[in-house]
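This report refers to the structure that appears directly beneath it.
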Amino acid sequence: MPDNRQPRNRQPRIRSGNEPRSAPAMEPDGRGAWAHSRAALDRLEKLLRCSRCTNILREPVCLGGCEHIFCSNCVSDCIGTGCPVCYTPAWIQDLKINRQLDSMIQLCSKLRNLLHDNELSDLKEDKPRKSLFNDAGNKKNSIKMWFSPRSKKVRYVVSKASVQTQPAIKKDASAQQDSYEFVSPSPPADVSERAKKASARSGKKQKKKTLAEINQKWNLEAEKEDGEFDSKEESKQKLVSFCSQPSVISSPQINGEIDLLASGSLTESECFGSLTEVSLPLAEQIESPDTKSRNEVVTPEKVCKNYLTSKKSLPLENNGKRGHHNRLSSPISKRCRTSILSTSGDFVKQTVPSENIPLPECSSPPSCKRKVGGTSGRKNSNMSDEFISLSPGTPPSTLSSSSYRRVMSSPSAMKLLPNMAVKRNHRGETLLHIASIKGDIPSVEYLLQNGSDPNVKDHAGWTPLHEACNHGHLKVVELLLQHKALVNTTGYQNDSPLHDAAKNGHVDIVKLLLSYGASRNAVNIFGLRPVDYTDDESMKSLLLLPEKNESSSASHCSVMNTGQRRDGPLVLIGSGLSSEQQKMLSELAVILKAKKYTEFDSTVTHVVVPGDAVQSTLKCMLGILNGCWILKFEWVKACLRRKVCEQEEKYEIPEGPRRSRLNREQLLPKLFDGCYFYLWGTFKHHPKDNLIKLVTAGGGQILSRKPKPDSDVTQTINTVAYHARPDSDQRFCTQYIIYEDLCNYHPERVRQGKVWKAPSSWFIDCVMSFELLPLDS
């Protein structure tokens with residue numbers, strides 16, 4: 001092989017045609033140290049450019065039909081149509097954000113800061129992200145919104161505006177034929193007056209006004225003579241559209257507030273003007289009109305009608321959900337995470353009541369919403385503009401603004417906050433989930449202070465604490481733990497927050513979790529502890545320390561206030577009670593405004609037994625497996641004496657029922673999680689149907705075929721039973737053959753690897769004590 005390391009003053013020899021072309025030498029980008037590295041970084045950044053705007057990619061997305069990669073803002077007008085470069089058709093659900101490429105761009109930004117000693121990079125990682133539709137400066141009309149005060153309906157339409165900017169407006173007379181400016185010198189109070197006049201003639205067809213009349217009404221000539229507006233004056237934008245490219249003009253605004261609840265119907269221009277620069281990327285009712293519909297003027301009545309009939313929603317962008325099956329090694333890509341759609345823009349207060357618009361964006365505090373449509377729409381028909389809804393594009397900096405505090409101090413706004421805070425996207429994520437993923441500390445703090453549940457789980461089982469530990473947001477983890485987040489709760493595949501922190505090497509978070517009582521010996525579905533996922537010696541030294549006071553840690557994790565436990569309705573049921581005791585229980589249900597069932601249901605919260613010991617009835621066992629309160633009948637008497645709901649702890653049956661309740665409050669897996677049962681033979685003492693109900697209620701699964709102990713497929717299953725003792729071989733046994741032991745026939749003993757035979761009495765004892773008891777010979 002030829003030596004390519006030649007001095008610069010020596011001419012390279014002629015390359016043979018059979019030899020491969022050598023790589024070009026890196027030319028230094030400048031003088032000084034790291035010149036070759038800077039040159040290589042420049043070449044890398046040339047490859048990381050958008051295929052449309054040729055700038056460095058920001059939130060890179062792929063339309064799915066081709067290999068071109070764009071900035072998310074550059075293709076907001078191409079969603080659902082096709083690639084703007086090769087014109088390949090692309091479905092809207094194929095839109096994907098390349099999180100790995102985005103991480104590479106952030107690393108390039110850090111490297112450039114190191115090489116150039118520049119702290120102000122345009123790729124700075126901490127710069128707030130922009131969503132797919134929030135570029136209000138470059139694409140002011142990307143989203144149109146219509147609102148009807150009568151029907152209380154809102155519709156959003158995505159405009160397919162051209163990427164090319166329009167030419168500047170000429171001041172000569174000939175330019176007036178192409179573009180027009182309509183400036184209103186009147187204060188915003190006139191808008192409400194015009195809206196009232198418009199409502200009186202909403203049923204009549206409005207006459208078309210000539211251009212001269214409109215110019216005269218809007219006082220265009222006078223404004224041009226007076227000159228430009230004062231740049232210091234706050235202004236809002238009004239949009240008057242005569243064609244597919246509407247003109248945007250400005251008019252004064254008072255206190256930066258926008259009121260849309262003027263009585264009567266609003267004209268198209270007023271609706272547009274009051275709702276500019278409001279970005280709602282996650283709205284369910286988003287349509288992309290075709291070319292024909294863009295050239296026609298749509299009235300609010302027509303829009304509201306279409307809104308009622310149209311139920312097609314825009315699929316939510318893959319906003320950082322971990323994959324349920326493919327778990328990679330990197331902390332972000334292991335859960336198939338992609339960036340979150342975020343909103344930005346100026347702080348706008350609007351009074352648009354919309355129920356079908358989820359707001360799973362947490363880069364900003366949530367907005368208070370009113371429910372509309374159906375009964376709630378009729379009840380709120382007389383609502384005034386004091387019901388304020390914050391824009392989802394509110395940046396965290398507005399948390400301390402006076403206008404924000406004024407809005408959130410209103411009782412109506414705070415009353416509607418919980419309904420909005422529990423909104424979920426199609427992955428089951430709440431606002432708190434996404435704020436924890438993004439590390440948005442102001443939004444997390446705001447949501448927690450206003451009653452958001454820190455222990456809510458998404459469809460995969462992840463809590464906000466899991467997400468914060470996975471992404472390494474130490475401050476978010478601290479906030480969640482301070483607001484009673486459960487430190488040992490399990491997520492997908494029974495991973496605890498400590499598992500996530502250990503996998504990704506977040507030592508500070510591991511220390512914080514351990515200080516709050518995180519269990520070092522917690523195992524996931526594969527039987528692996530947090531220490532099994534790390535190679536770092538310092539982290540191993542933390543995770544290998546013995547748990548000195550495990551009982552206190554468990555009690556620390558199980559602390560939940562009474563109000564949090566009693567959020568839901570009380571559902572009472574009695575087991576083994578006499579007729580007189582049943583009457584007293586019915587009286588208590590009336591006093592406490594609770595429900596009383598005769599058959600067990602998954603909604604039951606309290607099971608009342610006559611004595612001090614729990615009975616092996618089906619109701620009691622189902623109550624134990626579901627984590628219900630198993631109470632003595634003295635609790636009913638105490639509640640009847642004081643006419644209030646007494647504290648349950650003093651009247652709770654100890655041992656198994658208490659362990660079951662604490663297990664449920666800590667959101668831990670059920671008793672038979674990871675176990676499979678085959679019911680062999682006939683059952684007389686406990687019918688087979690009852691055993692099936694118990695297995696299902698305990699999180700186990702029923703096998704339709706008898707497992708074979710000598711089967712390689714059976715023995716190679718790598719899952720474990722969560723509640724089995726970690727120091728016994730029973731933890732690896734996941735398949736049980738249950739038989740009736742009260743009869744004279746006893747089958748041969750099987751205890752081979754994953755398959756064990758066990759009597760039905762052992763199964764019942766496990767339920768009553770809520771633990772997997774040792775299986776004696």
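Positions of Cβ are set from backbone N, Cα and C atoms, glycine also.
Checking Ser251, Ser364, Ser391, Ser496 against Swiss-Prot, you find phosphoserine recorded for Ser391. Just one residue in Lys152, Lys170, Lys196, Lys312 has SUMO2 cross-link written against it in Swiss-Prot, and it is Lys170. Residue annotated by Swiss-Prot as SUMO2 cross-link (from the set Lys423, Lys583, Lys650): Lys423. Across the repeat 'ANK 2' (460-492), DSSP assigns 18 helix, 0 strand, 15 coil.
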